[in-house]
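A short write-up of the structure that comes next.
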Amino acid sequence: MSRLARLREQLSTRDHFCDGWLLVATLSLMLIGWVMVTSASTEVATSLTGNPWYFSVRHGVFVLCSMVVALLVLRIPMAWWKANGPLLLLVGLALLALVLVAGREVNGSRRWLSVPGIPLNLQASEIAKLCLIVYLAGYLERFLPQVRRHWGAFLRPLMVMAVMGVLLIFEPDYGAVVVMTGCVMGMLLMAGAPWGRFLLLMGLVAALGAALAIAEPYRMARLTSFVDPWADQFASGYQLTQALIAFGRGEWFGTGLGNSVQKLFYLPEAHTDFVFAVLAEELGMIGAVAVIGLFALLVWRAMAVGRRAELAKRPFAAYLCYGIALVIGAQAFINIAVSTGMLPTKGLTLPLLSYGGSSLVISAVMVGMLLRVDIETRQARRREQPAAPRTGEARS
């Protein structure tokens, strides 16, 4: 056996209870997120509340609650999610409609629902993402041949996404629209839908996006500031230029944990949407690449869990894993791309890292579902394998 083969055997989690690398990536990102939220929020917390650890303590509570919720989700069989997919979709749509009526407005967007007695604002779009994935996974299991052959079955989930998209645009939450649309199209593509349909739909989506951008002056301002943020660095390009300064200050190894200058009221949303810029400033390019590597590991293992489920003839579980991997991967990519100036500002959190209870809890729920799929698949595989004969029986 070669060295590479031995190393792969040592790193393999094939005979373990669950995918250990998925757990390592998730827990590492949550821990790094807590540390970075603490570092990035001390000055803002002092200014707003007089307590420098206000956001750190709250985020720590969110982390603990997320772990508890993930453990509870781990006990729910996939059969329950499969049976309740349509109901969960209705819950997601109801929350998106409710937030337009009774939602709390922050920075011009009505995205949050206040829950009496709980110091947590629920972000409706985060719950809707999960509900949509569960519904679509069940839909693909039931109508997979029709999705591959007929336009009607192919367009049905896209029509559901269109309804959600309209509700999200009214909030507005364009970042969630992009992530959820990409997730739906990605799941349909992985289910074997023809490429030609995607090319046509991508053209239509691009045309619609251009029309929406032109319709509102502030959207055009975001696009132009993204192309050249330095042209208006104290107005429309301010947030992006400050993020780029943070990346530049970090260089290779960073300024050191807690030594960020940009978090001192220069970079808005330093502990939420732009926490990755503060991370790059304090931990440098090495730290930033390491975090990107952890996200890549998480998405890879989620896809691997889905592939094992697909090979075990468990299509619902497989498509659920693919959808979760697409959502986490797309949201992480967009957030990092926005921070580095590759994409216009979207207002998306960085999963498992950014401050925010709803995002963290839903991300933990998704990981709990991945682990549940993995455990069920491994148990099914062990049941199918013939039991090894006992020593006495082997001799006889």
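FYI, residue positions are counted from 1 along the chain as it appears here.
Keep in mind that glycine also has a Cβ here, set from the backbone N, Cα and C atoms.
According to Swiss-Prot, the features are:
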type     : residues : note
TRANSMEM : 17-37    : transmembrane segment
TRANSMEM : 61-81    : transmembrane segment
TRANSMEM : 83-103   : transmembrane segment
TRANSMEM : 117-137  : transmembrane segment
TRANSMEM : 159-179  : transmembrane segment
TRANSMEM : 198-218  : transmembrane segment
TRANSMEM : 274-294  : transmembrane segment
TRANSMEM : 316-336  : transmembrane segment
TRANSMEM : 350-370  : transmembrane segment
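Here the transmembrane segment (316-336) sits apart from the transmembrane segment (198-218); fewer than 3 CB pairs are under 8 Å, leaving out pairs fewer than 6 apart in sequence.
Segment contact holds for the transmembrane segment (117-137) and the transmembrane segment (350-370), given three or more CB pairs below 8 angstroms at sequence separation of 6 or more. Sequence-distant contacts of the transmembrane segment (198-218) (same chain, six or more residues past either end, CB-CB distance under 8 Å): 158, 169, 174, 181, 185, 188-189. Packing against the transmembrane segment (17-37) from elsewhere in the chain are residues 11, 55-56, 59-60, 63, 66, 257, 271, 275, 278-279, 282, 291, 294-295, 297-298, 301-302, 304-305, 350-355, 360, 364, 367, 370-371, 374-375, 378: each is 6 or more residues past its ends and has a CB under 8 Å from a CB in it. Taking Cβ pairs closer than 8 Å, the transmembrane segment (274-294) reaches residues 25, 28-29, 32-33, 36-37, 39-40, 239, 242-243, 246-247, 249-263, 267-268, 335-336, 339, 350, 353-355 in its own chain, all 6 or more past its ends. Using a Cβ-Cβ cut-off under 8 Å and counting only residues 6 or more beyond its ends in the same chain, the transmembrane segment (61-81) has close neighbours at 30, 33-34, 88, 134, 314, 316-317, 320, 356-357, 360-361, 363-365, 367-369, 371-373, 375-376. Packing against the transmembrane segment (159-179) from elsewhere in the chain are residues 89, 92-93, 96-97, 99-100, 103, 109-111, 125, 128-129, 132, 135-136, 212, 327, 330-331, 334, 346-348: each is 6 or more residues past its ends and has a CB under 8 Å from a CB in it.
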